[in-house]
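Listed in TrEMBL for this protein:
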REGION    1-45  region 'Disordered'
DOMAIN    132-191  domain 'CW-type'
DOMAIN    256-354  domain 'SWIRM'
BINDING   SER366, GLU385, ALA386, VAL570  FAD binding site
BINDING   HIS533  substrate binding site
Amino acid sequence: GNASGARRAKKRSSGESPGDGQALRSSGRQINRKATDTEEEDDQAEKKYRKCEKAGCSATYPVCFASASERCAKNGYTSRWYHLSCGEHFCNECFDHYYRSHKDGYEAFASWKKVWTSNGKSEPSLKAFMADQQLPFWVQCIKADCGRWRQLTKEIQLTASLAATYRCGMKFSNIKSEGPDQCSQPEDLRVAEVTDSWWHSMLILPPLLKESPASPFLAAYYPDCVGMSPSSSPRIMVLGLLVPGLCPYFQPFYQPNECGKALCVRPDMMELDELYEFPEFSRDPTMYLALRNLILASWHKNCKEVLTSQKCALHIIVRGLVRVRCVQELDRVLNFMTRKGLINTGVLAVTRHNSKNVIVIGAGASGLAAARQLQNFGTQVVVLEARERIGGRVWDGTSLGVTVGRGAQIVNGCVNNPIALMCEQMGIKMHKLEERCDLFQEGGQVTDPAIDKRMDFHFNAILDVVSEWRKDKSQNQDTPLGEKVQEVKKNFLQESGIQFSELEEKVLQFHLSNLEFACGSTLDQVSARSWDHNEFFAQFSGDHTLLTKGYSVLLHKLAEGLDIRTKCPVQAIDYSGDVVKVTSSNGSHWMAQKVLVTVPLTLLQKNVIQFNPPLPERKLKAIHSLGAGIIEKIALQFPYRFWDNKIQGADYFGHIPPSPDKRGMFSVFYDMDPQGKQAVLMSVITGDGVPAVWDMEDKDVVDECMKVLRELFKEQEVPEPLHFFVTHWRKDQWSQMSYSFVKTGGSGEAYDILAEDVQGKVFFAGEATNRHFPQTVTGAYLSGVREASKMAAM
């Protein structure tokens, strides 16, 4: 030991710096090459150089990056080289300098270890300390024609702003130097090695980022379990943490012990589709998680601009060559997440071009979502729409002084909902719907909330029994939900000896009409086994809101810059050849590599489009096992808000049906201007009420509705409406329905079968192809994003 120490001391005193070690190394090779068989010379070579401890490491002559100990081996001999990566080693002397309690460096290691163990979960080894605290940072020159990686000197801390401005040869003092062009200096040879796949496998410790944009989102996790360094910020135990300045509906990560939230990821685990795309991270996902969490957090902090690899790379703060690898991997991860519609989505428009082309049939939420995504990916898209307008089953009217959706207008569960994302991007406020809904009886009485609560309990208990019953039932043992509900209710009353009063019976009917509203059908059509099949998947949580401005503003923004041909009904799709041929009933022909069909379920059931070859039997069976639900809406504008005193600021009120056969007529009334300026009420016609109004004139439907309102507000004057509208979705040639449901004998799997593509040429989207989120604009939108992702991956 002393001899080698003395040798190094002498070397330093002769003014050699570690950088001059090139000469030393080559002489080392000379010794080895000229070595004779004499043992003595072999020993000498062995004494002067020691290979890295790690099998397979490419570094023949390691160099110590630490230079911490007075007796640092530099690039000479040490009794053991410690390996961090193929280009990064430290010597045994520097190890001792930090590890031995009597050495100068011990204090730094001990205090680091204290912070690490209090915040993190991983081993506070000396190697972890060296990687986290001692390795130099690497940074890339920002000049477009350079982009070379440079190693910063040890005392320089990398920050996002330094990464954003760094140029080769940048001086960190105030001295301006006019040297030669620093970019022409060759890049360190170790950088080229980093790109190889084996380099990653030789990495001892995964990268743990400092100051990651994800850290405020993930304060309740151990940082090192989610790709962040435990040394950079203390772990705060908070749940339901809201990131300052962030839209409260943005919750991209599950908090610990949380589950069942739609579009949420676990920050400490890879999802199945991620493992499929990035199998190389399955053994140790840390690097992938660090990058994915950083990207997701950055996107949610600013969803109004396209997120690029360049923007994200600035926030990858980690020491050592592994930063080079992280920046290289970033591109793939970001492209994958963009393709999946997890980032760079919503109403953002991106300009790219490739040689692919796609025809989208239908300009509703799903068709527009797919077209927007595909065009952002660079695909040429043409959208063919049968109607004169876009939007499909989203159709807003403003004739009553406020926006009223003839179709959809409510958002069910805003957390992580893409509709909330688009509202945020466009600066649109949604109105949160409060829970309160008073139930009024004909005659004007307000129902005792205790009775409502009791019947709500019984109603849910009936559905719980149905859930229990279906557990061991196969598809062919299915029965209609209406029958099953009656049977369970009858059994319960017999066994318990309880009698429902007349009012209680009517309140139960009100809850059943709500169920018919949810299904879009009378309960004798709906499957008892699968009526709520989507509840087995995580649903959107959080507030239910009214889009006071309507869904149309979002869809028109999605449509901006897209090539949409209206009044172009498609009648045939021929996919028998290499390209798909689409024929419209106005005689025009279109050709593309792929076509996306987003027409409503009814039009598929009625063969409005002829497919050649015909669709597979399995798909046709699925199409017919789903029901096409219908609800109609009525909206009335009054000269003043006659209901204010009675409903006291609630967003809606319920109407207790006078008899079971009347339960589908106007069961709920919504106040369309909850801020209280305009006087507009909207109500729904559901279940048996739908066929009852089929052949009625609009004026007669309004009269029926007014009779009900005058009963509910019997104690006061109810004025005649100034204006109104009544919807006719059943007669609407291009939809003929509102939303889908599972018919008796069907199953939720039909939605997945509808979503399957045919021969990689014909694809399908729309609410009736989304098993997780059917019946909603959100579900339609996401199905479009899904298909765009599928097409882009092919």
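Counting begins at 1 with the first residue displayed.
Using the three backbone atoms N, Cα and C, a Cβ is placed for every residue, glycine included.
Neighbours of the FAD site: apart from SER366, GLU385, ALA386, VAL570, residues of the same chain with C-beta atoms within 8 angstroms of the site's C-beta centroid are VAL360, ILE361, GLY362, ALA363, GLY364, GLY367, VAL383, LEU384, ARG387, GLY392, CYS568, PRO569, THR598, VAL599, TRP734.
Largest Cα-to-Cα span within the FAD-binding set SER366, GLU385, ALA386, VAL570: 17 Å. Here the CA atom of the residue listed as 'substrate binding site' lies 32 Å from the CA atom of ALA386 (FAD binding site).
Listed in sequence order, THR598, ALA765, GLY766, GLU767, THR769, ALA780, TYR781, SER783, GLY784, GLU787 are the same-chain residues at least 6 apart in sequence whose CB falls under 8 Å from the CB of SER366 (FAD binding site). If you measure from the Cα atom of the residue listed as 'substrate binding site' to that of GLU385 (FAD binding site), you get 31 Å. The 10 Å shell around the Cβ of GLU385 (FAD binding site) contains 26 further Cβ atoms across the protein chains shown. Across the domain 'SWIRM' (256-354), DSSP classifies residues as 48 helix, 3 strand, 48 coil. Across the domain 'CW-type' (132-191), the model assigns an average pLDDT of 87.
Sequence-distant neighbours of VAL570 (FAD binding site) (same chain, six or more apart, CB under 8 Å from its CB) are ILE361, LEU384, ALA386, VAL582, THR583, SER584, SER585, VAL599, ILE609, listed in sequence order.
The number of other CB atoms found within 10 A of the CB of the residue listed as 'substrate binding site', across every protein chain shown, is 20. Residues of the domain 'CW-type' (132-191) grouped by DSSP class, helix first, strand second and coil last, total 15 helix, 6 strand, 39 coil.
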